[in-house]
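Colleague: Structure below; questions to follow.
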């Protein structure tokens, strides 16, 4: 694919141009993008004209920084690409839990059956979210099913938000209790089967989760 000034803007961002002013030369940038120094000069002028960068000349080269408008442009581009590539998709790695999932799934099992329509395997599959950044980012546009809390033997169990998902054609749900000890990078998944055994998963395996 033919290079453009967008490639240059991304290169400047990766070089630290968002956080600080960076010193570079057209020759150095031309080698990195495999274009002529004259092309780099023209692209820098175009980016400056569009308000995406600020630049000034020094004896050692060109000082460049990405403007606030440039940062907003890159953020918007990132959002649009993410939406196009990963719409409804969560990428994560299987991790071990602390062993409490089975207890809580058993307590909520009748309500899971009522609200989600399946008898859950007594345990959860824990997944560390790689993309998007957190489980909350992944589910922000998905409507949850609220499993109501209850009291049992003097103990209170809070509401749980459940989000229907599919992993390798097995339907289940990501569950987020109103009280949780897990960081926002961890997704707890319930299903009618033992997902680890059924899908032959081990810690570190990467999986793709589709929201429904």
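Residue positions begin at 1 at the first shown residue.
Yeah, the Cβs are placed from backbone N, Cα and C, and that goes for glycine too.
Model, not experiment: these values are computed from the prediction.
In case it's useful when we look at the structure, here is the feature table from Swiss-Prot:
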- 97, 98, 99, 100, 101, 102, 193, 194, 195, 196: CDP binding site (BINDING)
- 124, 126: Mg(2+) binding site (BINDING)
- 180, 188: FMN binding site (BINDING)
- 1-87: region 'H-T-H motif-like' (REGION)
- 88-212: region 'Riboflavin kinase' (REGION)
Colleague: So for residue 101 (CDP binding site), how many other CB atoms are inside 10 Å of its CB?
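Modeller: Its Cβ has 20 other Cβ atoms within 10 Å.
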Colleague: Taking 97, 98, 99, 100, 101, 102, 193, 194, 195, 196 as the record's CDP-binding set, what's the max Cα pairwise distance in Å, rounded to a whole number?
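Modeller: In whole numbers, the farthest two Cα atoms are 19 Å apart.
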Colleague: If we count other C-beta atoms within 10 Å, could you say which of the binding-site residues 124, 126, 180 has the fewest?
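Modeller: Counting other Cβ atoms within 10 Å of each of the binding-site residues 124, 126, 180, the minimum falls on 180.
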Colleague: Excluding near sequence neighbours, so keeping only residues 6 or more apart in the same chain, what lies with its CB under 8 A of residue 193 (CDP binding site)?
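Modeller: Set apart from residue 193 (CDP binding site) by at least 6 residues yet with Cβ under 8 Å, we have 121, 170.
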Colleague: Identify which of the binding-site residues 97, 99 has its Cβ surrounded by the largest number of other Cβ atoms within 10 Å, counting every protein chain shown.
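Modeller: When each Cβ's neighbours within 10 Å are tallied, 97 leads.
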Colleague: Which number gives the other C-beta atoms within 10 angstroms of the C-beta of residue 195 (CDP binding site), all protein chains shown included?
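Modeller: Taking all protein chains shown, residue 195 (CDP binding site) has 23 Cβ neighbours within 10 Å.
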Colleague: Over the region 'H-T-H motif-like' (1-87), what is the model's mean pLDDT?
Modeller: 93
Colleague: Determine, to the nearest whole angstrom, how far the Cα atom of residue 97 (CDP binding site) is from the Cα atom of residue 124 (Mg(2+) binding site).
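Modeller: Each residue's Cα considered, residue 97 (CDP binding site) and residue 124 (Mg(2+) binding site) end up 8 Å apart.
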Colleague: For the region 'H-T-H motif-like' (1-87), what does DSSP give as the number of helix, strand and coil residues?
Modeller: 53 helix, 15 strand, 19 coil
Colleague: Nearest by CA distance to residue 126 (Mg(2+) binding site): which of the binding-site residues is it, out of 99, 101, 188, 195?
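Modeller: It is 188, whose Cα lies nearest.
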Colleague: Between C-alpha atoms, which of these binding-site residues comes nearest to residue 180 (FMN binding site): 99, 101, 124, 195?
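Modeller: For residue 180 (FMN binding site), the closest Cα among 99, 101, 124, 195 is found at 101.
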Colleague: Can you tell which of the binding-site residues 99, 101, 195 lies nearest to residue 188 (FMN binding site) in space, using Cα positions?
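Modeller: Of all the candidates listed, 101 is nearest in space.
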Colleague: So among 99, 101, 195, all listed as binding-site residues, which is physically nearest to residue 124 (Mg(2+) binding site)? Use the C-alpha atoms.
Modeller: 101
Colleague: What three-state secondary structure does DSSP assign to residue 126 (Mg(2+) binding site)?
Modeller: strand
